[in-house]
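I have placed the structure first, in the form of structure tokens, so that the comments after it can refer back to it.
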Amino acid sequence: NLAPNEGISLSALRSQFSVNGEEGPKYGFDGSRYHYGDGTSVASQNSSQILTGYDTLDVGPNYDFYANTNALGRVRRSRPSLFQLHSNIEVMFFYTANSPGDSSEDDVEEPQSEPTRFGWVKGVMIRCMLNIWGVILYLRLPWITAQAGIGLTWVIILLSSCITGITGLSTSAIATNGRVKGGGTYFLISRSLGPELGGSIGLIFAFANAVAVAMHTVGFAETVQALMQESGASIVDPINDIRIIGVITVTCLLAISLAGMEWEAKAQVLFFIVILVSFANYIVGTIIPATPQKQAKGFFSYQADIFAENFVPNWRGPEGNFFGMFSIFFPSATGILAGANISGDLKDPTVAIPRGTLMAIFWTTLSYLIIAATIGACLVRDASGIMNDTLAMSSADSCQGLACQYGWDFTDCITNRTCTYGLSNQYQSMSLVSGFAPLITAGIFGATLSSALACLVSAPKVFQCLCKDNLYPVIGFFGKGNGKNDEPIRGYVLAYIIAVCFVLIAELNTIAPIISNFFLCSYALINFSCFHASITNSPGWRPSFRFYSKWMSLLGAVVSVIIMFLLTWWAALIAIGIVIFLLGYVLYKRPSVNWGSSVQAGSYNMALSYCVSLNQVDDHIKNYRPQCLVLTGPPSCRPALVDFVGTFTKNLSLMICGNGGPSPATLDTASSNSHVTWLNKRQIKSFYHGVVANDLRTGVKMLLQGAGLGRIRPNVLLTGFKRDWRKDKPSCIDNYIGILHDAFDLQYGVCVLRMREGLDASPESGVNTLDPDAMMTEPQPQPSTVFQSQQGKKTIDVYWLFDDGGLTLLLPYLLTRKKRWARCKVRVFVGQCSVETLSSTSFSDSVRRFEDLIGPYRINTAQKDGHVTAEQLNQDCPWMVSDEEIETNKPKTLRQIRLNEVLQDYSRDAAIIFVYVLCFWQCPSALYMAWLETLSRDLRPPVLLVRGNQENVLTFYCQ
């Protein structure tokens, strides 16, 4: 049972401020009125507003109480604190809203103009569709249909759409699991999986979008250069023409972006209309009867025979296989995150992202399927384009190809493989089929420019959010926003510079593979984020979008990684390598952010599962670990004690720093995170446990009985030596020794550490144990101690005089496993100390010093001559020592004196001394304290007084 805690009032110790020192005061008084931390009034009641039994300070649910950002134009309110609700009834307050009569100028912010916000159609669906449609649609889809056939082309389209669809479902689930801010993909992944993976993906995703600007711009520039070449125009040469056109185009797109999101959205709508017109023009062209000029190039309108012929594959060239065609087509399916990337500019991201993204995937997939089927039903694979290649009667029997049925003979070019037209030979097949070819060219322009513009906007938006989180050095400069939309002007300029650098490469096939792998890497992590958040069963995972499956998300993640290697294995390795490098950096730096990620939830689940599973297996000696409860008080008060225990428990066993007492600051200190922060900064792997109790001994009893969880609970108590015991109250000595007895009663091993210079961080303090008056609410600096330095080739001296189960031997061995102590040699001294070997001079000096120690605590003759008996004195003052007790325990006293001489002779140069301590149950506390003082005094090395709990902690056997 827990020790009784009578006579202490927690409410009396409660601070008027938040127990979390980082949040600052939740409640205060400004001289005229009481108020909350956000300025909301807590007005004092007047005589006409007396609270009745039915009145309450509680307030109804409010959105502001659960938000972590301020609402536009007003200060966010907070609910009454527990202190305000639980405070003394004589001081009555009531919670009031910000009424006009109670508001100050500081309570209300000036309303700001509403920034531009977009709905799901204009902000997400159109943007995603434009980013998905690109040069692949116009220039590669007909050629893929010729290679793979209509049937396998549909499989490629549907497989790609399944991957993007699963990713869209995962994105929808994550986006509806709370309020989404700006930052798009980075925000979704980082707030789900944490800063480690989120930061790395955010950086490469922003970079990939910036490079994608160059890819789409180069596609546009290639089309313009081809048109110029057809008309015989040229600026310099083909490559430099592409570079010049590309740089001019990117500069124009930058100007549109800098004009603001509203102008960028208008430009995207214009591009969308152009693409829809080009599609309509294409469909009309397939219906119009073919002219002889088009028939010479292989177009014969809808024909069942052509559909059947083109339904099956006809592989050609080195890329002529399923995965080769898939690798070429799949980049055209990427772009589903274009809407999510501007999540900060959406009216309601939790509605817009799911609806707009999934609708964009549906309509683009449908358009791809229709185009593949229609163009495969009206265009043959090979044609010469020569008007004279009509079928002659004499050559009817030797004619090759499906065009023979329609009066055309392309046998020569098919045989010689010199055909320049047809699905397999002409990338501009859609222009041939369309009703008006320039509209297809306009569609190509619209698709490339819209995709480039979407990427140019996405990259700075994602990068800005990453910069504001300060996960990486230097890049914070680019986090600054401008205007009501917080536009990342600096980010736009950086994305422009990156895009121009890659435009100068002027080679589409060189740029595309790395971009596709970076996008796929993002898709894999989004799917894994959804899976991981679902599998952890965290109460914080409750998306309003229900149409997703955690197993489908896992499948999407795995398939995305597989496709990365199928597309370009070396680019996949580069992408994964960059992710691992950035992940390692964030793990090393450990930024001070806490986003409630699923990784944290998973860690909790694993820890809980393992703790419960330990209860199903009995303890075994071979698995014994010294799990230490260390009475440090505030850990920063006794860094040497913390460092010593942390040395042999790190990565091995449990360490808990205990703190408690009745001082006024105890309640705040007991629950403060500042101590854990101090321990983490010192790289000490320890828990912190604070309690509130009447006195030191009661607090330690609570810790001894309540610390730990299941099998993960302390079995060794470590404390500092009470160096000032002769100056302290006798009752404090009795409490200190009583703590050791309490530990033995609860089957704990006990260790007492004594250092010549003391254990406290402040040298003027002489208290080296848990002291209720040594409370601190703020962590102290990180002082250095002897246990942080290399010990060299010194010795670890162990005086194993009596068998305690092996704890005295185990602790020195654990020290030698650490790098700082590895070169030390362990010396074990066994046997009994012979008191007869004491010299006469040593005997007289040592006994005299011992008598000086015990003198103030002896029952003198005057006390005996009174009416109070020695037994009554022992009951009322258990620290007092009678002459009979001194005489009875004289051999034990002499043994401590002799053992101290042995330590002085043999261990003066040791790195540390471990000494077994006898357990004296029927002994006054002052006498026992004098023995500990005598045994460990005047020693230069640190001394650890050890006593096991008489249970084996070592074994020589395998089972």
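Note that Cβ sites are derived from N, Cα and C of the backbone, with glycine treated the same way.
All TrEMBL annotations are machine predictions without curation.
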Of the residue ranges 322-340, 740-758, 797-815, which one carries the transmembrane segment annotation in TrEMBL?
322-340
Contact call for the transmembrane segment (322-340) and the transmembrane segment (360-380): at least 3 Cβ pairs under 8 Å, seq gap 6+:
yes
Do you know the DSSP helix, strand and coil residue counts for the domain 'SLC12A transporter C-terminal' (782-832)?
16 helix, 10 strand, 25 coil
For the transmembrane segment (489-506), give me same-chain residues lying six or more residues beyond its boundaries with a C-beta closer than 8 angstroms to one of its C-beta atoms, as numbers and ranges.
206-207, 209-211, 213-215, 217-218, 221, 239-240, 242-243, 246-247, 250-251, 254, 257-258, 456, 459-461, 463-464, 467, 477-478, 480-482
Top stretch among 120-139, 197-221, 267-288, 436-459, 555-588 for CB pairs under 8 A with the transmembrane segment (242-261)?
197-221
Should the transmembrane segment (360-380) and the transmembrane segment (555-588) be scored as in contact, given a threshold of at least 3 Cβ pairs under 8 Å and pairs 6 or more apart?
no
Spatial neighbours of the transmembrane segment (197-221) far in sequence, C-beta under 8 Å, 6+ residues away:
134-135, 139, 183, 185-186, 189-191, 241-243, 245-246, 249-250, 253, 341, 444-445, 448-449, 451-452, 455-456, 458-460, 462-463, 465-466, 469, 471-472, 494-495, 498-503, 505-508, 511-512, 514-515, 518-519, 521-522, 525, 575, 578-579, 581-583, 586, 597
Please work out whether the transmembrane segment (436-459) lies in contact with the transmembrane segment (267-288), by counting C-beta pairs under 8 angstroms that are 6 or more apart in sequence and asking whether there are at least 3.
yes
